[in-house]
Amino acid sequence: MASNGESKHSEVGHKSLLQSDALYQYILETSVYPREPEAMKELREVTAKHPWNLMTTSADEGQFLNMLLKLINAKNTMEIGVYTGYSLLATALALPDDGKILAMDINRENYEIGLPIIEKAGVGHKIDFREGPALPVLDHMLEDGKYHGTFDFVFVDADKDNYINYHKRLIDLVKIGGLIGYDNTLWNGSVAQPADAPMRKYVRYYRDFVIELNKALAADPRIEICMLPVGDGVTLCRRIS
């Protein structure tokens, strides 16, 4: 069991950008964990045992997404990048019983880790899971025509080198007034560090892609944006035209 704030942080909040581990732990223990649905807690604990657990959405971000979806009365949503399904479950629990989520990931095996928990929570019927790259699916939807402006919310937590390619397509699929959420837009804090600063190899590899995305979103007149230091940074884009 963790014996100090730093080790606790590495266990339960590895994506927090807060400077104080104790403060992040306070947020989790005071506001997040006491209100976390039992199914989300179970999935979080199962995911923590997975060797790629760094890929999961943090508990505080899951709580934020769940609240956000309720506030905008979302019903038709999309998620690109699912992993074990923690953020997907947060979404499914927030949607009405007839709500729908188009969920895409290249690895169904990871999704199936969380699927029994999702089904036990009674929300599996809301999810249409597609295994494989998302870009061809998005292109097909755009070509079809009937999906234009139909999504209330889209959450992207996938390959950072394709975020701009996703945005080019999603902007036409989300409705006017709808939201797109891009995860990891502060990318371990590396976006504010010099290019030659020491950082992990995978962080360095995707850093420039994230920086370019942030610049592109800030310059896009079709959206209003809000970058939040939740989890590893999430940027909300509200389509206005």
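Cβ atoms are placed via backbone N, Cα and C, with glycine included.
Residues or ranges marked as blocked amino end (Met) in Swiss-Prot: Met1.
Under the heading substrate binding site, Swiss-Prot lists Lys15, Asp157, Asn188, citing similarity to another entry as support. All chains included, 26 other C-beta atoms sit within 10 angstroms of the C-beta of Asp157 (substrate binding site). Under DSSP, Asp157 (substrate binding site) is assigned to coil, being neither helix nor strand in the three-state scheme.
On its own chain, Thr57 (S-adenosyl-L-methionine binding site) has Leu65, Tyr83, Tyr86, Ser87, Ala90, Asp157, Asp183, Gly231 as residues at least 6 apart in sequence with a Cβ closer than 8 Å to its own Cβ. According to Swiss-Prot, the S-adenosyl-L-methionine binding site annotation covers Thr57, Glu79, Gly81, Val82, Ser87, Asp105, Ala134, Asp159, on the basis of sequence analysis.
Sequence annotations record features per position, and here Swiss-Prot assigns divalent metal cation binding site to Asp157, Asp183, Asn184 based on sequence analysis.
Under 8 Å, Cβ to Cβ, and six or more positions away along its own chain, Asp105 (S-adenosyl-L-methionine binding site) finds Ile80, Gly81, Val82, Tyr83, Tyr111, Phe129, Glu131, Ala158. By neighbour count, meaning other C-beta atoms within 10 Å, the densest spot among the binding-site residues Ser87, Asn184, Asn188 is Ser87. In this structure, the C-alpha atom of Asp159 (S-adenosyl-L-methionine binding site) lies 10 angstrom from that of Asn184 (divalent metal cation binding site).
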